[in-house]
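Asks: Reproduced below are the annotations present in TrEMBL:
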BINDING   96, 97, 98, 99, 100, 101, 102, 103, 169  substrate binding site
ACT_SITE  97  active site, tele-phosphohistidine intermediate
ACT_SITE  206  active site, proton donor/acceptor
REGION    304-335  region 'Disordered'
C-alpha cells in the first residue's frame, strides 16, 4: 500500500488513514515518520522533539504510583496547556502473547516472524483470559457496590475493546481472550457473535529485528554482535542513550522506533477515542513492545526539569551515584513472560502514564 509522500500539515488526516491501512511494519514506520514531520504539535503524534518538550511540562512526582484497589487517576486539576478540566485516567490491560515453538526453542522472533501458538501458548492464553474476566468482574462489583448481586444477574458496564498486533501469535491469543470475555452479561446482550471483535494494528507489532530473526543467541552473537548488544537490552528501561536510536541490521527498527509508535498508538486510543472511562481496553502485543513501553514510562516519570533523563545504566549495573536505587527499581520490573498481564493508566491532558501492575503471571501459579 503506497503511503502519501507529503510534508503538508493538511495531509495529516490522510496519513493517519494510511497508517490504519498499512500492510507492513515498514509502511507503519514511514507513516509515523511523515506524521511526526507534519504534525509535531498534535497530541496523537509522537516525535523526539515532542517527547523532549512534553517532559518539561510534567509535574514533579514520585517514580511510580502503585494502586491495586483503584486504577483511576485522581488528578482533578486543569490541564496546564488548555485550561480545560483534566479527564479521568484510562486503564489499559496489556498482554504478551502465549508461547510459540520459537519461544520454546529460544529462537529470536521479531516483527517479520509469523509463528502460531503451540499447545502451551494456547493454554496460557486461556488462563490469561480467565484472569482478565475475573478481574473485570471484581472491578465491576467494586464500582457498582453490588457484591450481594450475582454476577450473571448484574448488568456489566464495560464496553470491551481488544486491540492486537496482526501477527498470528498475538491474534490467536486475542481471540482466546475474546472468547473468554464474551461470557460477560453485557457482551451477551450486545452481540450475537461468540466473541468480541479484534482490532488489528501494525503499530503494536513486534520489534522488526530483520537479520536477527530466526537465530539463536549463539548465532546472533557471532554473526551480528552489534545488533545483539542492542537486542539483549530489550526490557532494560535504563539502556544507554547511545543504543536506543541504532537500528537492527540490515533494515530493522531501533528501540526508539518501537517506543514512538507504541506511545503514539496508545495515546491516540486514550486521547482520540470516543470511549467512556468505563471501557475495558485490552492490548495484545509482544515482549519487546512491553520493554519499550516500560522504558517510555520510566523516562517520562524520571526526567530532570530540563527534560533530560537522569537514568542511564545498563541492566547489569552502572556507575551512577543512584545505581543502588535504580537497580532496586529495575528489579521490580522483571522480564515479561509469555501471556503475562500488565496494567497501566494514561491520563488525558496531563501526559501522565502510571504502571499499576507489571508483567503479572500469578494466574499460572
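Cβ coordinates are placed from backbone N, Cα and C, and glycine is handled just like the others.
Walk me through the surroundings of each of these features.
Replies: Long-range Cβ contacts of residue 96 (substrate binding site) within its own chain (separation 6+, distance under 8 Å): 285, 286, 287, 290, 336, 337, 338, 339, 340, 359.
Using a 10 Å Cβ-Cβ cutoff, residue 206 (active site, proton donor/acceptor) registers 25 neighbours.
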Asks: What whole-number Å value do you get for the CA-CA distance of residue 206 (active site, proton donor/acceptor) and residue 98 (substrate binding site)?
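Replies: Per the Cα atoms, residue 206 (active site, proton donor/acceptor) and residue 98 (substrate binding site) stand 14 Å apart.
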Asks: Would you mind checking how many other C-beta atoms are within 10 angstroms of the C-beta on residue 98 (substrate binding site)?
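Replies: The Cβ of residue 98 (substrate binding site) has 28 Cβ neighbours within 10 Å.
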